[in-house]
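Residues or ranges marked as domain 'Cadherin' in TrEMBL: 78-158, 159-267, 268-382, 383-487, 487-604. Annotation source TrEMBL lists region 'Disordered' at 687-706. According to TrEMBL, the signal peptide annotation covers 1-26. Here TrEMBL flags 614-635 as transmembrane segment.
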Amino acid sequence: MAKGLQGFLWAMLLLFCALQELGSWARHTAVEGPGLGEPGDPALLAGGRVKRGWVWNQFFVVEEYTGTEPLYVGKIHSDSDEGDGSIKYTISGEGAGTIFLIDEITGDIHATERLDREQKTFYTLRAQARDRQTDQLLEPESEFIIKVQDINDSEPRFLEGPYIGSVAELSPIGTSVMQVMASDADDPTYGSSARVVYSVLEGEQHFTVDSKTGVIRTAVADLDRETQDRYEVVIRATDMAGQLGGLSGSTTVTIVVTDVNDNPPRFPQKMYQFSIVETAPVGTAIGRVKAEDSDVGENTDMTYQVKDEEGVEMFKVTTDSNTQEAVITVQKPLDYESKKVHTVVVEALNKFVDPRFVDLGTFRDQTIVRVSVLDVDEPPEFRPPSNLMEVQEDAHVGSIVGVVTALDPDTANHPVRYAIDRSTDAERIFDIDAKTGAIVTGKVLDRETAGWHNITVLAMEADNHSQVSRASLCIRILDVNDNPPELATPYEAAVCEDAKPGQLIQTISVVDRDEPQSGHRFYFTLAPEATNNHHFSLLDIQDNTAAVHTQRVGFNRQEQDVYLLPILVVDSGPPALSSTGTLTIRVCGCDSSGAIQSCNSTAYVVSATLSPGALIALLVCVLILVVLVLLILTLKRHHKSHLTSEDDEDMRDNVIKYNDEGGGEQDTEAYDMSALRSLYDFSEIKAGDGGGGPGEGGPGRNPASELHALPQWVQSPDLDFSVFRDYICRKVEQADEDLSVPPYDSFQTYAFEGSDSPVPSLSSINTWSSSSEQDFSYLGGWGPRFRQLAALYAGRRGEEDSEES
């Protein structure tokens, strides 16, 4: 049936195209075609008559043609064609010669290939009419277009998939979920091939789709995420506006139902039971309970609270933000003997409540938590927990300081024993009665030594010493008047020789180690042994201080330079205690303004000398200077010895350089020849030179013989240069191995000025022969300034000849 329908459509389309072409041909045979020449063209003839040109209509070709014969497209024709075949028609451009062929005689154009409008919608070509004999253009070349006519061969496609949408649960009917769109590659301007409509294939029970816009909406109002949280909806798009024969495509849309807070929290149980020992410290977790919530995300966040008054006082409930559990902890110490079971009402409620669903019910729930307190063997408890006791410092050993009491809180009420933690009373100043808890003094007390004592008392069960409780006890030692007052410092005063009666010399104060509750009150008077004193007087100022004044006119330090004044000080008791202190008064010389200059003969000596501190500082400075001088001398000596050793090791530093000119043959004292000889060891040469005796080397030797012993640059068989050779070779090897060290060799260029010298060179560099082969007779022709030199070498030559003979 589908094949028959397709054939019918092809036949109708071909018939339509043929009728259209026939109508176009009829119109153009009656009127001028669109290819007429423009004004001013050569085709315009005299008299205003226009020459006829191209004759054709717009060309169309149907896509997806499946016939076996070439498809007729249309005909190009010139009105100058008389049908005798003298005109040849040709085309060029897109597809010419390949897709489109033209009959050169008739101008008929056929399509030889199957075309697809979705790939190319039209082709642009150019037509030419030429004389078959001369191949000249009879008509101007003209451009024409062949359009590919669309058929419904492309189904709608959803190009933006996969589609995922979401909608909140319990949304009202018609709530928009999302929009889907399908595209059709067919020509939207021709027919209904590209007109798409939408419909739901699967999921129409819960969702609908707008046939024109593709908007998906809810079809029901009772979508429940807890029942089903995801729907797969199949949407179909059909072209041809949904008519019979239209093509269609489909896609699957995933719609996720999102959660709303429409479910209250619910405890799975109405009662929970926990147990905890009575000794659990405050903050200990008893247990956890959790209310279930069918919602997800933040809609499951909840808080817990204790609702009953008893539970609020004894227990605390917090929320674990990670698990949404209620954590029950101890808020006050538990006591099995007081209450064995506690009942706590815990309530759970959602943090975020949606007001749209309040009518669904209350979003909270309650449960009962029973907490059983377990009995344990507890240590004794001190009652009352007083931690302060007082005792007089003059209490006798064994006096009772106070009594501590501890009871066993358990039902058995075991007897209690007491002890003192000796780590807090290492000196055993206090003892305790193990049965009664009475604390007594163990040693004599002294408030001035220790005014407070902090000890730890232990209470334990008589049968189980592991159950121990501790109590800190502070014992205050109360003061008694057992220390006499004393002068605050060993007072020393000075009085001028010209002092007047009644002049204030010194103000005296005292100290007392006791601390009476009513405060100190001291009384001052001169000691009985100072009753005959007529020089000074003592005045009690009534504020625990006293003032000493002069009683006579002037003092003479030559007669007496020091006065000792005994002063009696008495406290207020009880009992009243006293002590005697001595005030030392020196007689001093003063200037006119009363400033003390010197006090006695010792002062003159002391003023003329340095203090011990200054003497010590001076001695230290002198010692440091001596050490620095010795250190500098040592460093200089060490540096000098180091330089001397380096001079001995480095042979290059022993080269003696001189550049002055000698005084001639008369100058025999200009140079010290021994300095030159010191470079070499000529002991062997002197010992075996010519077989001479000891007299030849003595001090009476003449200058000629001294100069005769000078070394020649030509190596003698008797000379040993192995030391120098080994040294040079060793340095060369070191330089060859270390590329960063420059060689010791040097190359020097000597430039000579003027003409050649008539005198040959004296250098030994060019002397390769032995000393026996040289002739120094030419030295005699150099003039009087070299006469002495010629005589020396002539003598050396004669001795060598005699040795050879």
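The backbone N, Cα and C atoms fix where each Cβ goes, and this holds for glycine too.
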Model confidence for the domain 'Cadherin' (268-382), as mean pLDDT, reads 90
Could you break down the residues of the domain 'Cadherin' (487-604) into DSSP helix, strand and coil, giving a count for each?
7 helix, 54 strand, 57 coil
Please count the residues of the domain 'Cadherin' (159-267) that DSSP assigns to helix (H, G, I), strand (E, B) and coil.
3 helix, 45 strand, 61 coil
What does DSSP give as the helix, strand and coil breakdown of the domain 'Cadherin' (78-158)?
0 helix, 40 strand, 41 coil
